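**Student:** I have a structure here, written as structure tokens, and I will follow up with some questions on it.
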Amino acid sequence: MRVSALAFAAVLSLVSAKKINMHCNFAEDHTGMVQQPYCCRDLVPARGNSKANEALDCDQLDQPQLCDDQSRPACCYTIGAKKICTSHVIFQDAEDV
């Protein structure tokens, strides 16, 4: 019985260690800019661009994760100090890619 429990624990750890990728599409505000994943705390609607939000207080992500407030990261491109965000990160199972 003990061997079965150890085998089950090993299988369970392999399943929970699944590799996840995150991906950002090109900007959806007709600029076609390449976007990167950010967690932004001050997103507001962009002036003159109904398909985007803008922010200054952002942290760029390099690992798949949720933001501190458990929200999905935004996909943004930069113009000067501003981040222009037009969509959200897409999380995918690495085996699907």
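In case you wondered, yes, glycine gets a Cβ from its N, Cα and C as well.
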**Student:** With C76 as one half of a disulfide in Swiss-Prot, pick the other half from C67, C85.
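**Tutor:** So the cysteine paired with C76 in Swiss-Prot is C85.
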**Student:** Considering only the disulfide-bonded residues C24, C40, C75, C76, C85, which residue has the minimal Cα-Cα separation from C67 (disulfide bond)?
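**Tutor:** Result: the closest of the disulfide-bonded residues to C67 (disulfide bond) is C40.
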**Student:** Hey, of C39, C40, C58, C76, which of those disulfide-bonded residues are within 10 Å of C24 (disulfide bond), Cα to Cα?
**Tutor:** C76
**Student:** Expressed to the nearest Å, what is the distance separating C39 (disulfide bond) and C76 (disulfide bond) at their Cα atoms?
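**Tutor:** Rounded to a whole number, the Cα-Cα distance is 10 Å.
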